[in-house]
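Asker: Take this structure first; my questions come after.
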Amino acid sequence: MRAVFIQGAEEHPAAFCYQVNGSCPRTVHTLGIQLVIYLACAAGMLIIVLGNVFVAFAVSYFKALHTPTNFLLLSLALADMFLGLLVLPLSTIRSVESCWFFGDFLCRLHTYLDTLFCLTSIFHLCFISIDRHCAICDPLLYPSKFTVRVALRYILAGWGVPAAYTSLFLYTDVVETRLSQWLEEMPCVGSCQLLLNKFWGWLNFPLFFVPCLIMISLYVKIFVVATRQAQQITTLSKSLAGAAKHERKAAKTLGIAVGIYLLCWLPFTIDTMVDSLLHFITPPLVFDIFIWFAYFNSACNPIIYVFSYQWFRKALKLTLSQKVFSPQTRTVDLYQE
């Protein structure tokens with residue numbers, strides 16, 4: 001992901017980030033506007049953190065939810081939760097103040113965590129699509145093919161590959177020594193802008209779009225197979241019909257999650273690629289909106305689960321009613337109608 005950052009003032013630069021030569025201009029908002037933005041961002045962070053904390057708790061606590069698919073959902077929820085806890089607070093200050101006040105070390109760390117958690121979410125959604133494809137298109141072999149051990153391998157890859165990739169570009173001199181012709185110097189003092197160059201923008205394009213293409217192609221096949229299964233469901237036994245219905249509903253729910261992900265991330269991803277060709281002419285305010293639209297995706301998954309998964313609503317009800325503290329609650333069958 002391109003490291004973002006308000007480089008200058010959008011309308012009336014009333015001040016500078018620092019009282020030094022080469023400082024970035026700063027847009028000073030009225031107190032009312034600042035308060036509204038801070039409250040909106042705080043509400044978004046609260047939804048992201050609390051929603052994903054509950055998903056992680058439910059899957060961890062209730063034994064009925066200890067399935068390969070749900071372990072992937074748990075890992076996805078942790079990535080979104082950490083984004084809300086560790087990245088968005090500083091992103092909020094950067095967006096409101098239009099400057100970065102936390103130094104080079106935190107700038108690099110913030111960019112690392114931002115990129116890590118976002119790429120981890122993308123990889124997990126791709127792996128969940130593979131899981132659903134296997135469950136719908138090859139249901140007889142699915143229990144033996146997609147085991148908990150396989151899910152744990154996917155989780156390890158979903159965290160390990162983004163961590164290694166991001167570390168390579170942010171904490172080594174590989175880019176600077178071998179691709180120095182692509183790099184541009186920091187435009188001004190007070191921006192958190194790392195590796196802002198054409199190579200960085202184009203390299204991130206396939207990292208976002210290849211998983212997207214995989215997810216779309218898998219869900220197209222899932223839709224075709226699920227439609228055919230729905231037409232044949234009357235010939236199945238009651239137990240097999242119920243299992244097939246459950247798998248199709250899970251695939252539909254996760255398909256909605258993938259669709260919302262695409263809507264949230266497409267503006268930012270396309271702009272990152274196109275903007276690198278046009279010498280980064282996107283206004284800072286517009287680019288910041290694209291970034292927050294992408295962040296919004298982390299709040300969507302728990303909301304989708306509330307409206308789509310009966311087990312999620314049951315787990316939420318048990319938790320809020322404090323029945324979760326009963327020893328028998330952990331073994332409740334949340335999938336029972």
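Keep in mind that glycine also has a Cβ here, set from the backbone N, Cα and C atoms.
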Asker: Looking at the disulfide bonds in Swiss-Prot, identify which of C17, C24 pairs up with C188.
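Answerer: Its disulfide partner, as Swiss-Prot records it, is C24.
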Asker: So, V59 and P283, same side of the membrane or not, per Swiss-Prot?
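Answerer: Judging by the topology that Swiss-Prot records, the two residues are on different membrane sides.
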Asker: How many Å separate the Cα atoms of C24 (disulfide bond) and C192 (disulfide bond)?
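Answerer: About 11 Å separates the two Cα atoms.
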Asker: Measuring C-alpha to C-alpha, could you say which of the disulfide-bonded residues C99, C188, C192 are within 10 Å of N21 (N-linked glycosylation site)?
Answerer: C188
Asker: Would you say the transmembrane segment (35-55) and the transmembrane segment (205-225) are in contact under the rule of three or more C-beta pairs closer than 8 Å, pairs 6 or more apart in sequence?
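Answerer: Not in contact, no.
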Asker: As a quick check of your reading of DSSP, tell me how many residues in the topological domain 'Extracellular' (92-109) are helical, how many are strand and how many are coil.
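Answerer: The counts are 13 helix, 0 strand, 5 coil.
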Asker: In terms of Cβ proximity under 8 Å, which residues at least six beyond the ends of the transmembrane segment (35-55) contact it?
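Answerer: Long-range Cβ neighbours of the transmembrane segment (35-55): 29, 73-74, 77-78, 80-81, 83-85, 88-89, 91-92, 95-96, 292, 295-296, 298-299, 301-303, 305, 312, 315-316, 319.
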